[in-house]
């Protein structure tokens, strides 16, 4: 007892870290899986025998021939068809247009000239193809507009700040119409005959013509008395 160092009376103090003995856990209820034995099996329990059913392996066919689903003709054998020879009669072919082959009179051997005899090489200079150049719609020098050197439109030039002066806005000013009502000129003058005593009104018709017949009748000049050759006399009285 004399060799031990006296540290004083023990007093309760706060531990520096958590002590596992002070907490209650699940205990040995859970076990870690073992590294030996069967997979997904508790080693503390007996294990019954287990069997696995494998899949059926595919059948290997020695020959790939047609099965009963194909209908083989009855006269077909290994050496060919058994039976009498058979022939097919086709229809008459349609008449095709005759080939228009040029005759001897269509050829002009006298125009061959140097083609049939050895001659020096000859070259042909083709004219300038204006058709292709005409289709190229390329803008000319006058189609390009050179940017102005004034203002802020030149990218490579330093310009002073520019300001725009806008017109006076009616919003918030004394000219703003907050009521949105029409003025005196928006109303039309009402006819006083509507709300006052209406005076008598008369209508004047046009001049009326007496009724007359509009048929065209012959006048005195339409009759030729001198051309009458026979006239019926008066009827006698009985």
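Numbering starts at 1 and runs along the chain as displayed.
Even glycines carry a Cβ here, placed using N, Cα and C.
It is 206-238, from the ranges 173-205, 206-238, that Swiss-Prot records as region 'Disordered'. In the repeat 'STPGR' (182-207), helix, strand and coil residues by DSSP number 7 helix, 0 strand, 19 coil.
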